[in-house]
Amino acid sequence: MEYLGIDLSCALGSLRLGKFPDKDCLLPLISKLLGYAIVAASTTVKLPQILKILKHRSVQGLSMISFELEVVGYTIALAYCLHKGLPFSAYGELVFLLIQALILITIIYYYSQPLGTKTWIRPLLYCALAPTVLAGQIDPLLFEALYASQHAIFLFARIPQIWENFSNKSTGQLSFLTSLMNTAGSMVRVFTSIQEKAPTSVLLGSVIGIGTNLTILSQIIMYQKPHAEKEKKTK
């Protein structure tokens, strides 16, 4: 009995016999369910960040280059997973994260007006190159090199934001809920990547995600409370 790539026969067979499913039966099932749970949660993971910006009509404290690099990283990661033919439960969240990241960077551009010529060049280059990368119409060796570089891209996407938070002792309009879901998603994806026998490079990306997202989440907890107290005193 299989549903959405999830084999339920092993677990159901054990339960019918009045037995608890063994580890070899249960872990793959949990992995698949968690994988689809991540995909479902990813459809709204950046929504709190988007709504917070729209509510305050401000991108104060947000690093534009961080969000731009995030879009590039999601694009490369999605293209690689499609190219490798991984099951949708192993990468599906990348589809929704990329769509939301594109919406988010568009909003950031809007509230960062006026934009210089150098800033406009970056999205134009992305629009020109992204379709080719997503279609996998590049040399296989270059594809591997791009995917290897996307871990550095995600790392460097977070560093400017982490540094800006540290420098300002404030996280500005960063959303706590979005950062929390990013951290939790990376943690769960480590488990599912191991169970799905995903390439080591995929697992490495999730581990990097845990470290960087947890750092930003910690900064939000550290800096937003003192900032809120300071605002109350000034009123």
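These residue numbers are counts, starting from 1, taken along the chain as shown.
Each Cβ is built from the backbone N, Cα and C atoms, and glycine gets one as well.
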Annotated range (TrEMBL: transmembrane segment) out of 114-135, 136-157, 202-223:
202-223
Using a Cβ cut-off of under 8 Å, list the residues of the same chain at least 6 residues beyond the transmembrane segment (59-82) that approach it.
53, 90-91, 94-95, 97-98, 101-102, 104-105, 107-109, 111-112, 119, 122-123, 126, 130, 133-136, 143, 146-147, 149-150, 153-154, 156-161, 164-165, 168, 170-174, 202, 205
